[in-house]
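Visitor: Structure in structure tokens, see below.
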Amino acid sequence: MSNTLMIATVIILLIISFVLYKKIPIQFILIFLPILGALALGLDINKINNLALNFMVQTMRSIGFMMLFGLMYFTMLSKTGMFEQIIEWIMRPFNKKLNNWIIMILTTVISMIAMLTATPTATYLIVFPIMVALYDKVKFDKRVAMIIAQTGISTMLFLPWGQGVATSAIFAGVSPLKLSSSILPISFCFIPVIILQYIFFAWFMKKYPYSEKSVNQNNHSKDKVNVDIYKRPKLFWFNLVIFICVILCLAVLKLPSYLVFAAGAFLTTIIDYPKSTEYKPLWSQSAITIFNITFMIVSIAIFVGIFNGSGMTQSLAKGIVAIFPHFVLRYIHLIILGLSVIIIRFLPYQLFNSFYPILIQIGKEFGLSGIEIVAPFSVTLGLATGSSPLTPATIVGTTLLGVNLDDYCNLAVPIQFVSNILVILIGLIFGVIH
């Protein structure tokens with residue numbers, strides 16, 4: 001075992017231990033363990049600093065600024081009462097017939113439509129402010145809502161304009177459009193899995209009724225100080241038009257998401273809450289959430305930047321592959337994919353990118369193309385990232401719902417692990433996964 005592999009293995013084991021121990025903030029673990037590991041490998045502190053900073057900048061450019069302005073916009077928009085009015089209209093046709101099945105279907109449909117933005121974080125920012133009032137009204141388990149939404153999101157990860165497909169296409173050596181066409185048949189494998197999730201959760205919520213104990217009581221949406229004074233029923237149509245424009249700018253025009261959300265926040269501020277005594281308390285509410293999420297994003301970026309840049313990720317990937325006998329290597333990509341929900345529960349998902357070149361090279365020895373190796377990861381990996389506390393989108397989603405992050409992940413991981421295996425098996429049966 002090389003020094004790089006040994007140090008990488010020790011770091012991974014320590015991270016898993018600290019995650020289970022729950023006594024030290026995971027953010028500091030993600031920051032300092034890779035730094036110590038890189039120093040042990042002989043890297044200069046300035047080199048380590050550059051690796052961390054470069055990936056931090058890349059991460060903040062991709063999701064950090066979108067999250068900042070998105071949370072600011074939706075914090076204010078949810079306070080206007082617009083979403084409560086929409087939910088009331090949705091419920092009228094159902095009268096008293098509204099049940100868990102209808103709510104699950106609505107969550108899936110709205111999530112899939114919102115995922116036209118091709119960004120899970122933006123999807124959560126759109127879906128949950130709309131649906132949270134409905135979940136509260138019928139006491140629907142919000143952890144279940146998050147799992148249902150994430151499965152719907154994963155189904156839509158074939159979109160060629162999504163960052164995941166674009167990144168995977170580089171490794172596969174094809175265009176995003178060509179990779180997308182190969183992923184689409186795999187997305188259809190989610191349909192029976194979604195139905196099975198509905199059946200399971202209908203039983204689960206009947207046996208284990210929704211309890212407020214699963215909700216983070218610090219959630220800003222539960223702050224009783226600001227319930228009615230911020231509602232703007234007379235500005236409903238203005239807020240709705242702005243909201244629709246935001247969705248169109250993201251999903252159709254493909255404008256930079258942070259600019260779109262910043263514009264939405266600006267218009268909502270000057271029209272709904274023009275006085276500083278009105279908008280400053282709302283900004284303060286979102287500031288706490290933004291800090292917590294940004295802290296996690298930065299710590300993950302430091303970990304991934306140093307771990308990848310120091311060669312520890314590549315060494316770990318080669319070490320894992322070397323464990324398996326040659327006849328098993330034909331299916332190594334499916335084995336790693338099948339375990340991805342559990343792996344990403346403890347490790348940042350960005351590390352998987354370093355596995356692709358190795359898996360593609362092994363696949364070629366068995367006559368598999370780069371597309372056939374990468375395509376399954378592009379969609380089913382969404383089940384893993386959506387169940388991990390180390391994924392920024394998961395933190396945003398649970399924050400918007402007011403769900404305790406650990407409680408959500410403890411429920412999501414076993415369910416999405418089974419769902420992931422089912423998608424793989426269905427894909428193998430129908431010949432769309434190789």
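Here, residue 1 is simply the first one shown, and the rest follow in order.
Keep in mind that glycine also has a Cβ here, set from the backbone N, Cα and C atoms.
Pulled these features from TrEMBL for this protein:
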type	residues	note
TRANSMEM	6-21	transmembrane segment
TRANSMEM	28-45	transmembrane segment
DOMAIN	39-342	domain 'Citrate transporter-like'
TRANSMEM	51-77	transmembrane segment
TRANSMEM	98-116	transmembrane segment
TRANSMEM	122-138	transmembrane segment
TRANSMEM	145-163	transmembrane segment
TRANSMEM	183-204	transmembrane segment
TRANSMEM	240-267	transmembrane segment
TRANSMEM	287-307	transmembrane segment
TRANSMEM	328-347	transmembrane segment
TRANSMEM	411-433	transmembrane segment
Visitor: Please check if the transmembrane segment (411-433) comes into contact with the transmembrane segment (183-204), where contact means 3 or more CB pairs closer than 8 Å and the residues in each pair are separated by 6 or more positions.
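Guide: Contact confirmed: at least 3 Cβ pairs fall under 8 Å.
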Visitor: Mind pulling out the one from 6-21, 28-45, 98-116, 287-307 with the most Cβ pairs under 8 angstroms to the transmembrane segment (240-267)?
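Guide: It is 98-116, which has the most Cβ pairs under 8 Å.
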Visitor: At least three Cβ pairs under 8 Å linking the transmembrane segment (28-45) and the transmembrane segment (98-116), pairs spaced 6 or more in sequence?
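Guide: In this chain the transmembrane segment (28-45) does not contact the transmembrane segment (98-116) - fewer than 3 Cβ pairs sit under 8 Å.
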Visitor: Residues sitting near the transmembrane segment (328-347): Cβ under 8 Å, six or more positions beyond its termini, same chain?
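Guide: Same-chain contacts beyond the flanks: 12, 15-16, 19, 320-321, 355, 359, 362-363, 365-366, 368, 373, 376-377, 380-381, 383-385, 387-391, 409, 413, 416-417, 420-421, 424, 428, 433.
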Visitor: Please determine whether the transmembrane segment (98-116) and the transmembrane segment (183-204) are in contact (criterion: at least three Cβ-Cβ distances under 8 Å, sequence separation 6 or more).
Guide: yes
Visitor: On average, what pLDDT score does this prediction assign to the domain 'Citrate transporter-like' (39-342)?
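Guide: Summing pLDDT over the domain 'Citrate transporter-like' (39-342) and dividing by its length gives 85.
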